[in-house]
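Below you'll find the structure, written out as structure tokens, and then a few comments.
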Amino acid sequence: MTAPTAIRRLNAADPDFARHLDHLLSWESVSDDSVNQRVLDIIKAVRERGDAALVEFTQRFDGLQVASMADLILPRERLELALTRITVAQREALEKAAARVRSYHEKQKQDSWTYTEADGTVLGQKVTPLDRAGLYVPGGKASYPSSVLMNAIPAKVAGVTEVVMVVPTPRGEVNELVLAAACIAGVDRVFTIGGAQAVAALAYGTESVPQVDKVVGPGNIYVATAKRHVFGQVGIDMIAGPSEILVVCDGQTDPDWIAMDLFSQAEHDEDAQAILVSPDAEFLDKVAASIAKLLPTMERAEIINTSINGRGALIKVRDMQQAIEVANRIAPEHLELSVADPQAWLPQIRHAGAIFMGRHTSEALGDYCAGPNHVLPTSGTARFSSPLGVYDFQKRSSIIFCSEQGASELGRTASVLARGESLTAHARSAEYRIVDDQDQGQ
């Protein structure tokens, strides 16, 4: 039986509000020394023994009896088969979501550019896709096909040559929706491996698993810890914390809607965070009543209750202006502006992973099919981070072409600066290309 909900109530007018808010927002991962050491041992084993280590760890952690890596490779035909094993409605939903995600991300694609100066010097930027990206997908029955779309499609739009997906199949459990999503998203290769060992295989390569340039995708604490350790060998997307939603409401939205929006993140796990901010105290009471009324109807009521009681809050503010200030202080992963005129407040929002505008725009639409990416910065990192996008799978190279005149002119400036830093070879390298004015063009 679910315990009664006792969501925290805060008031921004209280003198110790800032301290209470900081305590509410604090979260530390549970990657302790033992987890860290186990991950390091796994990475070392994969680097040294390659496929053999992957087979051993898969047998140990996923409960599978496999003879070799050949048993852990899914051919393209298996992905296509998955499309026939899901319902027509599921396939249509995946295809519609994929089309919207693709359309949105195509607008993010950056192109190379150059400009030419008067003396013929050309400066610019060359935009190049990564050669190969690795996508980690959690396995088992609780896996998420939407994450496959959100991670793989931006990579393909960017022009990544090969997208390699790893997905564990604990006790042989294969999620057909995940494989169907991989087929629709254009994933090139799939290995049924998971955990820190899969991250290590992507980062360093084995006899069967190709080395990638970047590893993206969510996972448990072992996956997150492994991503930390391989960063530098490869790029990573981010180290994601628990899911978050912050709803700013003027008090005019149906309180049942708001309660369910809070549940939509709280149901992810016990550490997820759901916060409502409003200047209307009576409305906060109504939402609290809706939470109590609706919670018993939820399939994941225990998880929601633990999340709401442990990390949730209803925050009373002076007015909408202060609500926006609190939102910027929190820098949430998901921010709902459930107000009459969200466009009026949008310019003041500085820190948020995704902003959901208006009463009808539930966060769930963004999770699945609106188009923008649902891989978003958490734990306040929206202050300096962005959603996953096409730009995460592109890199930029500077282009510099100097004409004779340009090299001569720039050489004088470079010489002065280089000698000021006592780097004589730098200076002389530039000076060799300086020509007298009367010599230019001869």
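Glycine residues also receive a Cβ, built from the backbone N, Cα and C atoms like all the rest.
Since we're looking at a predicted model, the values are computed, not measured.
For the recorded site, E333 (active site, proton acceptor), the DSSP three-state label reads coil. Here Swiss-Prot flags E333 (among others) as active site, proton acceptor.
Sequence-distant neighbours of H334 (active site, proton acceptor) (same chain, six or more apart, CB under 8 Å from its CB) are S243, E244, I245, L246, Q265, A352, G353, A354, F356, E363, G366, L376, listed in sequence order. The annotation active site, proton acceptor is assigned in Swiss-Prot to H334 (among others).
Around Y136 (NAD(+) binding site), a 10 Å sphere centred on its CB holds 29 further CB atoms from the protein chains shown. DSSP gives Y136 (NAD(+) binding site) a strand state. Residues or ranges marked as NAD(+) binding site by Swiss-Prot on the basis of sequence analysis: Y136, Q197, N220.
Counted within 10 Å of its Cβ, the other Cβ atoms near S243 (substrate binding site) come to 24, all protein chains included. According to Swiss-Prot, the substrate binding site annotation covers S243, Q265, H268, H334, D367, E421, H426, on the basis of sequence analysis.
Sequence-distant neighbours of H426 (substrate binding site) (same chain, 6+ residues apart, CB-CB distance under 8 A): A414, A418. Positions annotated as Zn(2+) binding site by Swiss-Prot, on the basis of sequence analysis: Q265, H268, D367, H426.
If you draw a 10 Å sphere around the CB of H268 (substrate binding site), it holds 18 other CB atoms from the protein chains shown. Taken over all pairs of the listed substrate-binding residues (S243, Q265, H268, H334, D367, E421, H426), the Cα spread reaches a maximum of 56 Å, rounded to the nearest whole number. Cα to Cα, N220 (NAD(+) binding site) and H268 (substrate binding site) are separated by 13 Å. Counting in whole angstrom, Y136 (NAD(+) binding site) lies 18 from D367 (substrate binding site) by their C-alpha atoms. You'll find the Cα of H268 (substrate binding site) roughly 25 Å from the Cα of Q197 (NAD(+) binding site).
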